[in-house]
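A.B. asks: To start, I am sharing the structure in question, which I have written as structure tokens.
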């Protein structure tokens, strides 16, 4: 691959290039379009942690969700809550809580936040042979907890995979997304159904 290919590979996707509308095409991602600039990118183009010191402390909450698709036998084993490694659902729920608490250590530009509540629930998916992981995270702070909710779900999904991989290496983790968020300057968000 020549140098021209390397430079081209480093270009941001067309939708994220400066001077372009940042709205996803055709309402993709199910939300509303983004407005303004990315606040964690400075005028020099370098990443920075956003200064939130002037922002008011408000109640904030975020809900995220994801799924782990698996074979029917694997789902039955998971729901029995009895494997050689222990209760996969209970361990994954605790791992999700730990993940939320460690978000600032894992995501470079996230602020460390005093979380006032984290709840992770795992239940059978309504229509698929899968488990649905839902995380609800709360704080009273100057910035939101979307990343904490998404990290909780991701960590719980990865833990389910780890707990069950001995019987099903073909499991698929997916659909990790923000379902809703409340509080803060940007307003409330709820995923379109």
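In case you wondered, yes, glycine gets a Cβ from its N, Cα and C as well.
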A.B. asks: May I ask you to indicate which of 1-44, 45-88 is given in TrEMBL as region 'Disordered'?
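C.D. replies: Checked against TrEMBL: region 'Disordered' maps to 1-44.
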A.B. asks: Give the residue counts of the domain 'Molybdopterin cofactor biosynthesis C (MoaC)' (49-184) per reduced DSSP state, in the order helix, strand, coil.
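C.D. replies: Looking at the domain 'Molybdopterin cofactor biosynthesis C (MoaC)' (49-184) with DSSP, the answer is 46 helix, 47 strand, 43 coil.
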A.B. asks: Among the recorded positions listed here, 148, 162, which has the most company in the form of other Cβ atoms within 10 Å of its Cβ?
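C.D. replies: Of the recorded positions 148, 162, the most buried by Cβ count within 10 Å is 148.
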A.B. asks: Same chain, not part of 109, 110, 111, 147, 148: whose C-beta falls within 8 angstroms of the C-beta centre of the substrate site? Give them in sequence order.
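C.D. replies: Residues close to the substrate site, other than 109, 110, 111, 147, 148: 103, 104, 107, 112, 113, 143.
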A.B. asks: For each of the binding-site residues (109, 110, 147), count the other CB atoms lying within 10 A of its CB, then report the residue with the highest count.
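C.D. replies: Selected residue: 147.
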A.B. asks: List every residue in the same chain as residue 111 (substrate binding site), at least 6 positions away in sequence, whose Cβ is under 8 Å from its Cβ.
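C.D. replies: Looking at Cβ-Cβ distances below 8 Å from residue 111 (substrate binding site), excluding near sequence neighbours, one finds 49, 50, 52, 104, 141, 142, 143.
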